[in-house]
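According to TrEMBL:
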| type | residues | note |
| --- | --- | --- |
| ACT_SITE | H166 | active site, proton donor/acceptor |
| ACT_SITE | C186 | active site, nucleophile |
| DOMAIN | 68-210 | domain 'L,D-TPase catalytic' |
Amino acid sequence: MLQRPVCWLAQQVLLNLPAPVMKTAFFTTMLAGVCLFHPAVKENTAASGMAYLKVKSRSLGSAPVNPVRIVIDKSDYELHVYDAKGWFATYPVVFGANPLANKKMEGDKLTPEGVYHIVAKRPHQKWSHFLSLDYPNAQDLARFEALKRSGAIPRNASPGGGIGIHGTWPNDDYMIDRYKNWTNGCISLKNGDVRDLYSFIPVGTPVEIRR
């Protein structure tokens, strides 16, 4: 993944060119393009300002070709949709309190990692729409029991549940723009984005959540 210094270094090289060259449309376009196609790392939340990533799609307004699958990258704060033709769309997302930790038990506000499936879809009175995941699965339960045996979590702990993909509170899309990890372990998109996703993602779609 390209980091912010790539954009900065390219700027320095181009900005040190002779003025007549820099004034040409070609080099102005090149400078803009370097930063557009190599976005900065989303390394902060409010302190780093608004999000660099907006929705990207192979073909706006078109439907994906089944079968579809979802890959969620926690490190990049991105949800990718792939279909029979390859990459289809990417949406910015946020997670639970610590996005780079795997869920251990109910109440830890962490987003689980693994391969899941959409098991239900419904409109949501608070967060626009909700796509439910089949957490905890067999792998999660085995890991949960191992953590209890090791003493890493309380003996009376529960693995939790109710994990899914949903929107934000009304008028709170800025939480996504600022990478505010506000959920109790779910994956949150902007409300317009989750409506879009809801419209074409069928029940049964595999969802991989990874760092």
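Cβ from N, Cα, C; glycine included.
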Length of the line joining the Cα atoms of the residue listed as 'active site, nucleophile' and H166 (active site, proton donor/acceptor), in Å:
7
Intrachain C-beta neighbours of the residue listed as 'active site, proton donor/acceptor', sequence separation six or more, cut-off 8 angstroms:
H124, W127, S128, H129, F130, L131, C186, I187, S188, L189, V194
I'd like the per-state residue tally for the domain 'L,D-TPase catalytic' (68-210) from DSSP, helix first, then strand, then coil.
27 helix, 46 strand, 70 coil
C186 (active site, nucleophile) has how many other Cβ neighbours within 10 Å of its own Cβ?
24
